[in-house]
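K.L.:
Sharing a structure, written as structure tokens. Questions coming.
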Amino acid sequence: MIRVAINGYGRIGRSILRALYESGKRQQIQIVAINELAKPEAIVHLTQYDTTHGRFQPRVKLVDDQMLIGDDVIKILHEPDPAKLPWHEMDIDIVYEATGAILDRNSCEAHIHAGAKQVLISHPSSADVDGTIVYGVNQDLLRAEHTVVSNASCTTNCIVPVIDVLDKHFGVKSGAITTIHSAMNDQQVIDAYHDDLRRTRAAGQSIIPVDTKLARGIERILPHMKDKFEAISVRVPTINVTAIDLSVTLDKTVDIATVNQVLELAANGRFNGILGYTDEPLVSCDFNHDPRSSIVDGTQTRVSAGQLVKLLLWCDNEWGFANRMLDTSLAMIAAKQS
């Protein structure tokens, strides 16, 4: 049994816990502790009730400083300094670092010094970590000696499997990406101050351009794609699910049917459970709570002049990513034991 702790119990931290119980991986992974500065009553309440993902079915209650989920006992901690966390005493194998604030190797090593054996960051990280993993594409790079690993971003997990398939079958010359991302909690409900002037504006009233490093994230997973992609991102007034508009120029001449067939075969084969394919007339809310990293919308595939291909990809930017956190952590343990 893998003993894990969650540091930071926000949108991703809570999704990881819920996904663990819904995915069937609870027999492999046990959440021993949650470190979160919020009040225990709020931690338990937001575990039970979620506007986006609905009510959590297992019985949850608070007893002293512990959250009980059925027969499982999870210690609630409120320690702002990761170096002071009791990971050694708790025999923690992996910390899911989900604060969004601890992103480099030096900061994550506070967990290691506190006694955790490994750290998995739920965010793109600095280049000094042992590896950045998009599960389904490059988890084979994990090694026993790796202690600090990044799970990349939700959008990197969404787009990289598709680029990988296209490149292996047709060759990718270059690409341009627009991420159409649901609002996030670094935005304002009503106009308020923020260092990013666009993010001073009410999230529910505008389509808001934001910076993105998605193109650089692709390069980290697929180094041969260096300087081939650029990306922009906009936030839109929905609370979950993201769409990606991907345009790529291919080496080979293709048509819509060929592109869709290759992607559908990949979704049913090598990337089963990671990549999806649909030709139904769906909208964003239909992909809420979808555990896959990416779903290709075959109805929106377009080809211009035989080599310029436009695709529409969907992902649940919370739930899909949380499920990949579980998968990557299991792969880390498998590599450590090999």
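Any Cβ shown, glycine's included, is placed from N, Cα and C.
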K.L.:
Among R199, R270, which residue does Swiss-Prot annotate as binding substrate at the site that also has S153, C154, T155, T212, K213, R235?
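P.N.:
It is R199, as the record lists it for that site.
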K.L.:
Would you please pick out, from the recorded positions R11, H181, R199, K213, R235, the one with the fewest other Cβ atoms within 10 Å of its Cβ?
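P.N.:
Minimum Cβ neighbour count within 10 Å, taken over the recorded positions R11, H181, R199, K213, R235, occurs at K213.
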K.L.:
If you measure every Cα to Cα distance among S153, C154, T155, R199, T212, K213, R235, the residues said to bind substrate, what is the biggest one in Å?
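P.N.:
Per the listed residues, the maximum Cα distance equals 20 Å.
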K.L.:
Out of S153, T155, which has the highest number of nearby Cβ atoms, where nearby means within 10 Å of its Cβ, if these are the binding-site residues?
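P.N.:
Highest number of other Cβ atoms within 10 Å: T155.
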K.L.:
Counting Cβ atoms within 10 Å across all protein chains shown, which of the binding-site residues T212, N317 comes out on top?
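P.N.:
That would be N317, with the highest Cβ count within 10 Å.
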K.L.:
Checking your reading of the structure: which of the recorded positions R11, H181, N317 lie inside a 10 Å Cα sphere centred on R235 (substrate binding site)?
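P.N.:
The recorded positions close to R235 (substrate binding site) (Cα within 10 Å), listed in sequence order, are H181.
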K.L.:
Are there residues of the same chain, six or more positions away from C154 (substrate binding site), whose CB falls under 8 angstroms from its CB, and which are they?
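P.N.:
Set apart from C154 (substrate binding site) by at least 6 residues yet with Cβ under 8 Å, we have T242, C315, N317, E318, G320, F321.
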